[in-house]
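Peer 1: One structure, as structure tokens, below. Some questions next.
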Amino acid sequence: MEDELLNFNYTDSGLPVIIKVIGVGGGGGNAVKNMYHGKVRDVSFLLCNTDVQALDRSEVPDRLVLGREVTNGLGAGSRPEVARRAAEASEADIRKILDDGHTRMVFVTAGMGGGTGTGAAPVIGRIARELNILTVGIVTIPFVFEGKRKILQALEGVEEMRKNVDALLVVNNERLRIIYKDLKLDNAFAKADETLTNAANGIAEMIMKEGTINLDFADVHTTLKDGGIAIISTGYGEGPDRMEQAINEALTSPLLNNNDIFKARRVLFNIYQGTEDPLGTDELSAINELTAKIETGFDTIWGYTTDPELGKKVKITILASGFDLDTTRESIRIGDNLGNVINDPISSREIETQNERDNDLINRYYRPDELEKVKVVDFKPIILNLDELDNDELIMALEEKPAYSRTGVLLSRIDNIRMRIAESAGRLKKDVVRSEESERPAFESERSSSPTTISFN
């Protein structure tokens, strides 16, 4: 498989494509596949992965193997640090792909919580940003049932993404599970891909669709450049009060991750009307109310476009950035749902501090009521003693899967191995004691029969 990207495509109008969507890892690759076969137009696509087989299975033509010499093309094994090294090893290739003279905006999309997406996406974001390309991250974070360990790994990846992109949109899979309660598991992941697609498409069409009051790349650049945490939300309306319906739907979407649009530093919105029933002047009052609320010293840009596919409906897409991180946190702590104390050699204060940091990070993106509905397993570290460290069978069992994905069967096998090691070590120590006692002089054996004895049981 070729590791190089072909020349960028051109739009139907003959202009070079300035927007590139990069899918990183398995989750990002699935999202880009969905976009490639879906409605996202006038953009080009690139897949990046440490897993050669995953790339070979994709129909997206432009693909890059990350760090072949680091992973041998076999994937990162759910280890972000391996994926980070792989992406850094391919930095020259990534720069060559992006520094083509055309690309002015890059979407880096990934699922946070695994290996390649979590570790490599921030590296790709950094490279794009260093090339002065407007860089937007669009990532998912796990369902609660995937466990605390994966959630924390995902949110650490989110924090790294925040440092390395201009703006970051976070899609909470758990929020999707609550909104679409009757979805099967496969459909739930597909819904996450669809949400990523809609986010990228919403921004792309603001740039590419010509409007009566036109938005362009410069407007999106102004809104997202160094914007930090961002959101995009779309609402539809039909019939009486359709404009109010659309605005209300956009402003109250659960996918806003609890962010209040009116607390954003920058807001851009675009209004779309159909050709069958264009907006009347009397409907502008709802728009006036919206702009009155957000025009309080913040940068606000808006546009107005006709979309024949809407028929009699109207649509509004709101893009906002520059949220203070404090506004993304919940006022109620998670507490023992995720913060149980673990027994290990670390001091209790260090454990408490780490739990506080972990809970604070989780509180930025998950609501307490979401976490209460699904029991979250608190994965405790396995502290090995010297006998266990010398046991190859135990080490191989521990290396089969990361802690958050070990099933009851594997955990039982690990426990059984540790019990055998302990029993064997106990027998060995007893044999040593008996041997030493048999070699002692009689008077020393008598002296050892005093009540003060040492037990190896």
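Using the three backbone atoms N, Cα and C, a Cβ is placed for every residue, glycine included.
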Peer 1: Which of these, ASP62, ASP182, ASP186, ASP193, does Swiss-Prot list as part of the GTP site with GLY26, GLY27, GLY28, GLY29, ASN30, GLY115, THR116, GLY117, GLU146, LYS150?
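Peer 2: Of the residues offered, the record points to ASP193.
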Peer 1: Reduce the DSSP letter at ASP193 (GTP binding site) to three states and note it down.
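Peer 2: The three-state answer is helix.
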Peer 1: For THR116 (GTP binding site), write down the residues of its own chain that are at least 6 apart in sequence and whose Cβ falls under 8 Å from its Cβ; none is a fine answer.
Peer 2: VAL24, GLY25, GLY26, CYS48, ASN49, THR50, ASP51, LEU66, GLY75, ALA76, ALA83, ALA86, ALA110
